[in-house]
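S.K.: Please read through the structure below; I'll follow up with questions.
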Amino acid sequence: MLNDPTVPAALLRMHFHDCFIRGCDGSVLLNSTGKNKAEKDGPPNISLHAFYVIDHAKKAVEALCPKTSGGPTWDVPKGRKDGRVSKATETRQLPAPTFNISQLQQSFAQRGLSIDDLVALSGGHTLGFAHCSSFQNRIHNFSSKQSVDPTLESSFAASLKSVCPAKNTAKNAGANLDATPTTFDNRYYKLLLQGKSIFSSDQSLINSAKTKALVSKFASSQQEFQKAFVKSMIKMSSISGGQEVRLDCRAVN
């Protein structure tokens, strides 16, 4: 299982979904209890997986550095504390795949993230898979006049409709986010410019001059994309909100 090629995408998505709620406090790792339905069981997080990777890493850390040994404390620049609160209802705050550019900008700005961060971090969609429910709004009953989103390239739209028919019942039906879903590259941006993006939120990145310019920049240079992505990931990872260091990632101390 540790060689599962879907794990990188899963961990990247988990990190995003954690940081956008109460900061990067590991609240998405907490299990629901009898009195509380936790974030991981909120609608946008039902498909999150690979929690076992975090459990394995935590077990290894605890084996080398069990709990604490007392003494003075000091701030660790790269360290973040874990949160004690995790509510499924708060997952409504996550940016939806149907968001337009204004909604995306507002969502990111509320977390101290810029337009540059928005475009760079959206590149995380170079990895992973999307279920039909995330993009059915673009291929069925798009508007009163058009069934399919006209910004979708026609053959690509047809391929999406073939795997996600109007009355789809296949639970795991969907499409890869780009043609190389297990490779971190800049193909996502190239496909965006070709009208072959999966989500409405992806497509919206070319609806404003500034974001489209960044999309074009990253499409033409994988090096520029990766440099910007690292910078924005570090910035997002600095959103704090925790109070303790958990012994068990899935439960508060």
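Each Cβ is built from the backbone N, Cα and C atoms, and glycine gets one as well.
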S.K.: Which of these links to C19 by a disulfide bond in TrEMBL: C24, C65?
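M.R.: Answer per the record: C24.
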S.K.: Of the residues C65, C164, which one does TrEMBL pair with C132 through a disulfide?
M.R.: C164
S.K.: Calculate the per-residue pLDDT averaged over the domain 'Plant heme peroxidase family profile' (1-253) and state the result as an integer.
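M.R.: Per the prediction, mean pLDDT sits at 89 for the domain 'Plant heme peroxidase family profile' (1-253).
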S.K.: Please give me the CB contact count at 10 A for P95 (substrate binding site), counting all chains in the structure.
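M.R.: Excluding its own Cβ, P95 (substrate binding site) sees 19 Cβ atoms within 10 Å.
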S.K.: Could you round the CA separation between C24 (disulfide bond) and T180 (Ca(2+) 2 binding site) to a whole angstrom and send it over?
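M.R.: Approximately 28 Å lies between the Cα of C24 (disulfide bond) and that of T180 (Ca(2+) 2 binding site).
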S.K.: Can you give me the residues near the recorded Ca(2+) 2 site, meaning same chain, not T126, D178, T180, D185 themselves, Cβ no more than 8 Å from the center of the site's Cβ atoms?
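M.R.: Same chain, not in T126, D178, T180, D185, Cβ within 8 Å: L127, L177, A179, P181, T183, F184, N186, R187, Y188.
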S.K.: Taking Cα atoms as reference points, which of the recorded positions T126, C164, D178, T180, D185 is nearest to D18 (Ca(2+) 1 binding site)?
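M.R.: Comparing Cα positions, the closest of these recorded positions turns out to be T126.
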S.K.: Compute the C-alpha separation of E39 (Ca(2+) 1 binding site) from P95 (substrate binding site), stating it in Å without decimals.
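M.R.: For E39 (Ca(2+) 1 binding site) versus P95 (substrate binding site), the Cα atoms are 15 Å apart.
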